[in-house]
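Engineer: What TrEMBL records for this protein is below:
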- A:Cys31, A:Cys226, A:His251, A:Glu255: Zn(2+) binding site (BINDING)
- A:Lys287: ATP binding site (BINDING)
- A:18-339: domain 'tRNA synthetases class I catalytic' (DOMAIN)
- A:383-438: domain 'Cysteinyl-tRNA synthetase class Ia DALR' (DOMAIN)
- A:33-43: motif ''HIGH' region' (MOTIF)
- A:284-288: motif ''KMSKS' region' (MOTIF)
Amino acid sequence: MQQKLNLYNTLTRKKEVFEPLHAPFVGMYLCGPTVYGEPHLGHARSAVTFDVLYRYLKYLKYKVRFVRNITDVGHLQNDADEGEDKIEKIAKAQKLEPMEVVQHYTNVYHRDLEKLNTLSPDIEPRASGHIIEQIEMIKEILENGFAYEVNGSVYFDVPAYNKDHNYGKLSGRIIEDLLSNTRDTEGQGEKRSPLDFALWKKASPSHIMRWPSPWSDGFPGWHLECSAMSRKYLGDNFDIHGGGLDLMFPHHECEIAQSQASHSHSDAAKYWVHNNMITVNGQKMGKSLGNFINLSELFSGNHQMLEQAYSPMTIRFFILQAHYRSTLDFSNEALQAARKGYTKLMNGLRVLDKIQYPEEGATPDEKLNEELLKLTEDCFRGLNDDMNTARTIASLFNLLKKINSLYLGQLQIGNLTRGTFDTMRETYRTLVLDILGLKEEPLGDQEEMLGLILDFYKEAKEAKAYDKVDVIRAELKKQGIVIKDLKTGTDWAYEE
RNA sequence: GGUAACGUGGCCGAGUGGCUAGGCUCAGCUCUGCAAAAGCUGCUACAGCGGUUCGAAUCCGCUCGUUACCUCCA
């Protein structure tokens, strides 16, 4: 009855039917953030995209282990020997321990993602907690002859690796092109080839984040943590590796190289999945460009580019209304439209709760049943086609039209079979709540609403309409609220 | 410079050889005490120029425009 899930695999450049290596188990690794700043809309897209994949795989009854790392080792701004450690820079400026900076932004990341209703990963490893594993992996790569040590630092030997392997297989790069187009030939310092990348860096005397190793007191290279941690928790070969498109090269390319060059001898993941970027006026939203909007700013509306605040579910819907491999352009107009679309979907949920299948007198209409069943299938068809949530949402709106018509009596529920009715209801609910991960957001200001009720209470009292007064008191009491008639006016309190 | 994408109606955004995407906006109708919600109807599309084809937004070529990666970035 269900079609199969297809995923676009960057490694093969085509959509493939998703088949786990060891069904029913699925291992999924997602590159998490480097915790040296507040998460922005781009982080949200990645998190939400893979949250939907995680949710859908679970819905399909796979036993999923979802690993998303936290990068908390200070990486340098660039690969040259000189360069500031991003975390350390903030720590020094604010007179904090680097780990305080890391903890703070990790907390913020968790807080904001929770608002977006993303599920927590099953394992959330930190790079700093896996130094030993990373050192072990470097040893393996050295043993296999794909790395060399210089002055306490260890570098991956890309040209040596490329003799028997294909460096560039993921990002479609050719090593000769890379070499001839290297921008910066200076500052390569210890590296034999400009393409080589650090596996271990010797720390300068002033560098705070440092660990002992066979080569020097230092810190691991940027790409190594993901290789070491994915291997530790998911094995040499696992199913899905996700991340932003901007991580494809060099980060993921290097991960594959490290994995192949170590004793793993694999591409690490079978399916490499990349989400596209959020753009602002057609330009990528990114840290280095400074055109990013933090999630907390979106939620509060406190940013010069924002005309108003946008709720977490508005953001989530906004992200889901586009396909994850397309760029998505930010604008106030688009977010306001997303808000309305999201609300519409939520209202559908409420309508569904209200309609019921009649106990008797049903006269099923074959054509209508077929039509509705097709609409429910369409919802999943979009999802199965490379997680096209945009199509899923479009199909849900089509289904919603029917649901609303049934609610208003423009279509007769009795013209459906019980099975069709249940399928329609379950499809809508499951997709909206469990798979797309949308949820109702609390109504506006509750105290303001309570104030409104108190006004009616006062009016009723002045009119000596004591039956109404009693009803209001009783209803509020059910909610745990008592009304207090004071000489100075009317107030409320929590019932003790 | 190398590589890879993209260009869809007022806005956002799917589709990728013939069959209404969808949401938002706008106009009209039904419903309504007035509204709102909801339903129905309508309005502007596939960057340009060639080619392949019975038929192309969809395939091919060229032109123009935009972007991404090649440095940390989700």
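For all residues, glycine too, the Cβ spot is worked out from N, Cα and C.
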Engineer: If I take the alpha carbons of A:His251 (Zn(2+) binding site) and A:Lys287 (ATP binding site), what is the distance between them in whole Å?
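Structural biologist: A:His251 (Zn(2+) binding site) to A:Lys287 (ATP binding site), Cα-Cα distance: 17 Å.
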Engineer: Restricting to the same chain and to sequence separations of six or more, state which residues have a Cβ under 8 Å from that of A:Cys31 (Zn(2+) binding site).
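Structural biologist: Looking at Cβ-Cβ distances below 8 Å from A:Cys31 (Zn(2+) binding site), excluding near sequence neighbours, one finds A:Ser46, A:Arg68, A:Asn69, A:Cys226, A:Gly242, A:Gly243, A:Gly244, A:Leu247, A:His251, A:His252.
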Engineer: State the residues, same chain only, that lie 6 or more residues beyond the ends of the motif ''KMSKS' region' (A:284-288) and have a CB under 8 A from a CB inside it; answer 'none' if no residue qualifies.
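Structural biologist: Here the qualifying positions are 37, 40-42, 246, 277-278, 327, 330.
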Engineer: Including all protein chains displayed, how many Cβ atoms other than that of A:Lys287 (ATP binding site) lie within 10 Å of its Cβ?
Structural biologist: 13
Engineer: Could you pull out which residues elsewhere in the chain have a CB under 8 Å from any CB of the motif ''HIGH' region' (A:33-43), counting only those six or more residues past its ends?
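Structural biologist: Beyond its ends, the motif ''HIGH' region' (A:33-43) has Cβ neighbours at 70-72, 75, 86-87, 90, 101-102, 104-106, 108-109, 112-113, 244, 277-278, 285-287, 292-296, 298, 315, 330.
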Engineer: I want the residues beyond A:Cys31, A:Cys226, A:His251, A:Glu255 whose C-beta is within 8 angstroms of the mean position of the Zn(2+) site's C-beta atoms, in chain order.
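Structural biologist: For the Zn(2+) site, the extra neighbours are A:His223, A:Glu225, A:Ser227, A:His241, A:Gly243, A:Leu247, A:His252, A:Cys254.
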Engineer: Hey, which of the binding-site residues A:Cys226, A:His251, A:Glu255 is the loneliest by Cβ count within 10 Å?
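Structural biologist: Ranked by other Cβ atoms within 10 Å, the binding-site residues A:Cys226, A:His251, A:Glu255 bottom out at A:His251.
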Engineer: Express the distance between the Cα positions of A:Glu255 (Zn(2+) binding site) and A:Lys287 (ATP binding site) as a whole number of Å.
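Structural biologist: It is 23 Å, counting Cα to Cα.
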Engineer: Could you tell me how many residues in the motif ''KMSKS' region' (A:284-288) are helical, how many are strand and how many are coil under DSSP?
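Structural biologist: Split into helix, strand and coil, the motif ''KMSKS' region' (A:284-288) gives 0 helix, 1 strand, 4 coil.
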Engineer: How many of the residues that make up the domain 'Cysteinyl-tRNA synthetase class Ia DALR' (A:383-438) does DSSP mark as helix, as strand and as coil?
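Structural biologist: Grouping H, G, I as helix and E, B as strand yields 43 helix, 1 strand, 12 coil.
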Engineer: Three states by DSSP: which one describes A:Cys226 (Zn(2+) binding site)?
Structural biologist: helix
